[in-house]
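Structure first, commentary second.
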Amino acid sequence: MDTILRLSHITKSFPGVKALADIDLEIARGEIHALLGENGAGKSTLMKILCGIHQPDTGTIEIDGTARHFSDYHDAVAAGVGIVFQEFSLIPHLDAVDNLFLGRELRNRWGARDRKRMRHAAAAIFARLGVAIDLDAPIRALSVAQQQFVEIGKALSLDARILILDEPTATLTPAEAEHLFAIMRELKRQGVAMIFISHHLDEIFAVCDRITVLRDGQYVATTDVARTDVEQLVRMMVGRRIESSFPPKPVRAVDAPRVLEVNELQIERGGPVNRFTLHAGEILGFAGLVGSGRTETALAVIGATRAHRKDVRVRGAAVKLADPADALRAGIGILPESRKTEGLVTSFSIRDNISLNNLGKYRSMRWLIDRRGEARTTHDVMRRVGVKAPSIHTEVATLSGGNQQKVVIARWLNHHTSVLIFDEPTRGIDVGAKAEIYGLMRELTARGYAIIMISSELPEIVGMCDRVAVFRQGRIEATLEGDEIDPDTVMTYATAGTRGATHEPA
């Protein structure tokens, strides 16, 4: 094997936590190598060591057989290591050329920025990737996929020979993800080594050569993709066998009360008019392609965005939901797609996040908060949803994705909501945590909660939902239930429109 990167006996500890224990990793030139593990397994810490962001307590890094010590990120870049973070590091108002050469602009002989040379170099990089990018458009005007390609181009412009891709498909459509995989295969052909981090095991099998699994900061195994399967990988990641990610669906009660009725919703004048109902104890899925109107519909219902016409009833009573505060008073909570920026204050503690929308509940005097009562309630809802953390004072930023999602759920339970909207509830969450979230959702519906689940993952829609509203171009094309909920039927409606099924079963 033509080894380009070797990490040997890497150990790293933080106060009270041993993040990595004697980790080995070996990558070949021109190899796409998957790094797998649950959240908290040590993947991010190991990659931050490789990028010079953290320094190991013990262990060595070798590139092309030469031992390297990275004091910071710039040392790693100089050695040929590049990383494309899940959260982009691009400047939105600058174009692709300026983003590629930010801080290292090419100069002419008079010392002025040589825009022509930089533009030519940028065009050559994107030609190497086989992508078309408008070099003069600001980054904010590009699609998410195009921004991803600019990030990759930025790493390649720094002569990266080892490229780390951290959850690169998290915000891409299936077609965009396939385009990314084509780019990865081309870079592989050119000899670039890639470390691919993803929670989507189907992607691992589609594009990777070998897999290394970490668990609880320890090395578990390295195996060829061709010699393993999904069940074996899951067992290696979580240390146990997961029989099924999805809990069994309960028999739907025919007399379950309607807790939410959207009798008329038109977001824009002249646009489609949608109607749907939600019953106590059920999960209603919103399915469709990215941009089909699923999230837009949910946001319009709760008043987060304006609607041209809207008629909403909660438990039979007409309500005016002009903003999310109105929705909250009506008992509707939302777990937004971007939990870190919209659902949580990550610098706050678990206690403060759970109490955030309900501080009046703990007011002991006019301006004082009953901290003991707040702590008791926080402990209670943490136990109910299964948040794993050392204390209620733990900063939310230090939690895994699955535990962060549970904190958002705990907040709404603390507020006595009856309708919960989950927008991409398992995005960026590992296999074991996904199963926990699914189980929690079913526990909530068993207690009478009603859930709307917006998801781009078809297996999730099919495995979790009692009924599914399929969106296409802003319109609910059909509402499916029972045996109608299968991948082929959902995708047919999402891509080709109505074939004559019932629009809104009772």
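Easy rule for this one: first residue shown is 1, then count along the chain.
Glycine residues also receive a Cβ, built from the backbone N, Cα and C atoms like all the rest.
On a predicted model such as this, the values are computed, not experimentally measured, just so you know.
Annotation source Swiss-Prot lists ATP binding site at GLY37, GLU38, ASN39, GLY40, ALA41, GLY42, LYS43, SER44, citing sequence analysis. On its own chain, GLU38 (ATP binding site) has ARG215, MET237, VAL238, SER400, ASP430, VAL431, GLY432, ALA433 as residues at least 6 apart in sequence with a Cβ closer than 8 Å to its own Cβ.
Look at Swiss-Prot and you will find 5-241 tagged as domain 'ABC transporter 1', backed by sequence analysis. Taken as a whole, the domain 'ABC transporter 1' (5-241) shows an average pLDDT of 88 in this prediction.
According to Swiss-Prot, the domain 'ABC transporter 2' annotation covers 251-498.
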Seminar exercise, completed: DSSP output for SER44 (ATP binding site) maps to helix
Exercise. What count of other C-beta atoms do you get within 10 angstroms of the C-beta of GLY42 (ATP binding site), across all chains shown?
Worked result: 24
